[in-house]
Amino acid sequence: MKALSKLKAEEGIWMTDVPEPEVGHNDLLIKIRKTAICGTDVHIYNWDDWSQKTIPVPMVVGHEYVGEVVGIGQEVKGFKIGDRVSGEGHITCGHCRNCRGGRTHLCRNTTGVGVNRPGCFAEYLVIPAFNAFKIPDNISDDLASIFDPFGNAVHTALSFDLVGEDVLVSGAGPIGVMAAAVAKHVGARHVVITDVNEYRLELARKMGVTRAVNVAKESLNDVMAELGMTEGFDVGLEMSGAPPAFRTMLDTMNHGGRIAMLGIPPSDMSIDWTKVIFKGLFIKGIYGREMFETWYKMAALIQSGLDLSPIITHRFSIDDFQKGFDAMRSGQSGKVILSWD
């Protein structure tokens with residue numbers, strides 16, 4: 001079958017032929033319809049330090065997708081041929097304390113689709129049936145294909161009560177923009193997002209944020225004053241991994257504020273811990289999606305009127321995958337969809 005693979009330990013990704021995957025007793029075989037390019041896929045394309053330490057070569061990559069069930073393992077229940085599904089990209093062990101306690105998103109033995117095992121940039125994908133999620137009929141293939149990153153946004157945004165709160169989102173990448181849209185949709189008062197990429201800030205404006213602030217040109221404190229905010233932000237969603245952005249967040253949080261961190265900062269990032277201590281801040285690390293509470297919330301948010309369509313900016317046939325990666329690497333895109341039909 002046709003697949004996009006990391007074939008060489010260097011920059012790039014290549015179209016190749018690989019054998020169709022075999023279906024185990026507890027697996028589903030999924031015929032892929034659409035995939036989306038993740039920032040992780042760009043890291044793998046660029047062959048950065050993380051990729052060199054993590055990705056086996058050769059490897060079929062990709063983990064954002066929607067497809068149709070075309071094969072079912074003999075032990076599987078609850079699915080049928082023809083079901084439209086996406087799936088959780090974190091494969092968990094099922095036997096550690098967190099898995100047995102129902103906190104599967106915190107499994108210490110997680111493996112990743114398209115990272116540690118073959119991914120979805122292929123005509124067919126096999127995953128454990130446990131990881132598959134049926135897509136409601138009134139959710140499009142395009143939106144279903146970005147449920148993985150949307151889930152990161154939902155998990156981060158809904159970590160804390162947002163109703164009537166003032167929310168700061170640092171980082172206007174696709175996940176940050178979607179998190180800001182979720183916060184506004186569920187009833188936050190002011191949702192302010194910061195970045196230095198004007199293209200992506202404009203996407204955030206299209207998604208309905210209160211203010212999208214280019215911190216290279218505008219002072220966040222001035223924006224807060226303009227909005228009548230006298231005590232700081234109640235909730236911070238750190239999506240950038242940029243040390244200056246996190247330090248600004250600590251400066252502008254209200255006392256007792258709550259921060260959810262999805263962005264991955266450098267390991268040697270230094271901050272003024274007195275601001276965390278004397279403000280009584282609560283900081284929560286976010287990894288992936290809660291299984292499967294986040295998935296049900298994603299579907300419900302879209303069905304209740306949350307419009308994510310502006311975040312999908314580019315669509316290509318899989319044969320034009322290079323154009324898709326070029327768009328993602330340029331920084332002048334939202335989500336990029338590759339069609340396998």
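Note: Cβ is positioned from N, Cα and C throughout, glycine not excepted.
Look at Thr40 (active site, charge relay system): DSSP puts it in a helix. All protein chains included, Thr40 (active site, charge relay system) registers 23 other Cβ atoms within 10 Å of its own Cβ. The annotation active site, charge relay system is assigned in Swiss-Prot to Thr40 (among others) on the grounds of sequence analysis.
Residues or ranges marked as active site, charge relay system in Swiss-Prot: His43 (among others). Neighbour list (His43 (active site, charge relay system), Cβ cut-off 8 Å, at least 6 residues apart, same chain): Trp50, Ser51.
Annotation comment: Swiss-Prot describes Cys38, His63, Glu64 as Zn(2+) 1 binding site. For Cys38 (Zn(2+) 1 binding site), the same-chain residues lying six or more positions away in sequence with a CB closer than 8 A to its CB are Gly62, His63, Glu64, Asp148, Pro149.
If you look up Swiss-Prot, you'll see Cys93, Cys96, Cys99, Cys107 marked as Zn(2+) 2 binding site, on the strength of sequence analysis. Residues within less than 8 Å, Cβ to Cβ, of Cys93 (Zn(2+) 2 binding site) and separated from it by at least 6 positions along the same chain comprise Cys99, Cys107, Arg108, Asn109, Thr110.
Look at Swiss-Prot and you will find Ile175, Asp195, Arg200, Leu262, Gly263, Ile264, Ile286, Tyr287 tagged as NAD(+) binding site, backed by sequence analysis. Within the same chain, residues at least 6 positions away in sequence whose Cβ sits under 8 Å from that of Ile175 (NAD(+) binding site) are Pro149, Asn152, Ala153, Thr156, Met239, Leu262.
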Cβ atoms other than its own within 10 Å of the Cβ of Glu64 (Zn(2+) 1 binding site), all chains, total 30
In the three-state DSSP scheme, Tyr287 (NAD(+) binding site) belongs to coil
Once DSSP output is merged into helix, strand and coil, Gly263 (NAD(+) binding site) belongs to coil
Within 10 angstroms of the C-beta of Cys96 (Zn(2+) 2 binding site), the count of other C-beta atoms across all shown chains comes to 16
